[in-house]
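A quick write-up on the structure given underneath.
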Amino acid sequence: MSNNAAYAVTPVKTTSTSSRTTFHFAAGLCSGLTSSILLQPADLLKTRVQQSQKTASLLPTIKTILSSPHPIRGLWRGTLPSALRTGFGSALYFTSLNALRQGLAQTEASMAIAASSSDGKSRTSSSALPKLSNWGNLATGAVARTAAGFVMMPVTVLKVRYESDYYAYRSLYSAGRDIVRTEGVRGLFSGFGATAARDAPYAGLYVLFYEQLKRRLASVASSEQSEQPLKSTSSSSINFVSGGLAAGLATAITNPFDAVKTRLQLMPGKYGNMIRAVRLMIREDGVRSLFGGLGLRITRKALSSALAWTVYEELILRAEAHWAEKDKIDL
């Protein structure tokens, strides 16, 4: 089966094979683990820059880590909680996102049919997801991310505390035990309000920008290929570029929430809640503190989102092509 044939799938999926929950979970887990492990140094540096009450500079932070006895280990400090959070968080996110999009696609059936019929038999889209309206993309992204974020919140708190040099935790177990002992179980959910306020608009905007960019880039690529079905390499390139650009835009808009979230998770006793945290940060460190780590976060988010979504969509497209071929043989 050729690559072109393998990708000749319609944008709207209504068969049972297109919503196999287990595979969406596995594909999300694989994509999340890949991006989190490769990009852990950028995430650690972002946490170190944002933790400072006097916004730290990137270069001195890097020099401090590299001058330590174990610089490589230092750059990948916190990889385990980060991989757990991002891996399983991505698995939950993509699984719930697929379920939400499949359900919402049924209510937008007329739009989906029109889009499908206009595409004909060739696939001129790089997407493995059902086509939705802009509001559909915004809503499903926001809801799926908030739900996954709540489930993974304790791991997120452990990750931030362990990456930070504000605490001297020797292991994840000691970190969790100390948090529960001193702050109670609610300490494991410190900063959830700021996290949800960051993740809901970020994820919604990301999916909106991502789908729009893919549509436009696929249209350009299709015209250059004389309306031939998109090749596998073209689809992957479109998804990667779209993922990076969408993440950069969404990250720049939502970075203040990320900065507030980091302070709340590191020093909940001092900052208390989102409103108090914003006031204290601006009063003590200036408005620039709300954009601490922006460059690092954009870099990491652009790369991680591009990697995660490209890997996820590639796995789903190949799996659905395999299932479709298997169904034909069974018939």
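Heads up, the Cβ atoms here are built off N, Cα and C, so glycines get one too.
Swiss-Prot lists 19-103 with the feature repeat 'Solcar 1', giving sequence analysis as the kind of evidence.
Look at Swiss-Prot and you will find 132-216 tagged as repeat 'Solcar 2', backed by sequence analysis.
Taken from Swiss-Prot, the feature repeat 'Solcar 3' covers 234-318, and the record attributes it to sequence analysis.
Sequence annotations record features per position, and here Swiss-Prot assigns transmembrane segment to 25-50 (among others).
Per Swiss-Prot, the feature transmembrane segment maps to 78-104 (among others); the stated evidence is sequence analysis.
Counting residues 6+ beyond its ends, the transmembrane segment (138-163) has Cβ neighbours under 8 Å at 43-44, 47-48, 77-78, 81-82, 84-85, 88-90, 92-93, 96-97, 100-101, 104, 132, 169, 172, 175-176, 179, 187-192, 195-196, 199-208, 262, 265-266 in the same chain. Marked as transmembrane segment by Swiss-Prot on the basis of sequence analysis: 138-163 (among others).
Beyond the transmembrane segment (191-214), the same-chain residues lying 6 or more positions past its ends with a Cβ under 8 Å from any Cβ of the stretch are 93, 97, 125-127, 129, 131-132, 134, 137-146, 149-150, 153, 156-157, 238-239, 241-243, 245-247, 249-251, 253-254, 257-258, 260-262, 264-265, 268, 273-274, 277, 305, 309. Taken from Swiss-Prot, the feature transmembrane segment covers 191-214 (among others), and the record attributes it to sequence analysis.
The transmembrane segment feature in Swiss-Prot is assigned to 238-264 (among others); the stated evidence is sequence analysis.
If you look up Swiss-Prot, you'll see 293-311 (among others) marked as transmembrane segment, on the strength of sequence analysis. Residues of the same chain lying 6 or more positions beyond the ends of the transmembrane segment (293-311) and with a Cβ under 8 Å from any Cβ of it are 27, 30-32, 34-36, 38-39, 42-43, 45-47, 49-50, 58, 86, 90, 206, 210, 236, 239-241, 243-248, 250-252, 255, 258-259, 262.
DSSP assignment over the repeat 'Solcar 2' (132-216) gives 71 helix, 0 strand, 14 coil. For the repeat 'Solcar 1' (19-103), the number of residues in each DSSP class (helix H, G, I; strand E, B; coil) is 70 helix, 0 strand, 15 coil.
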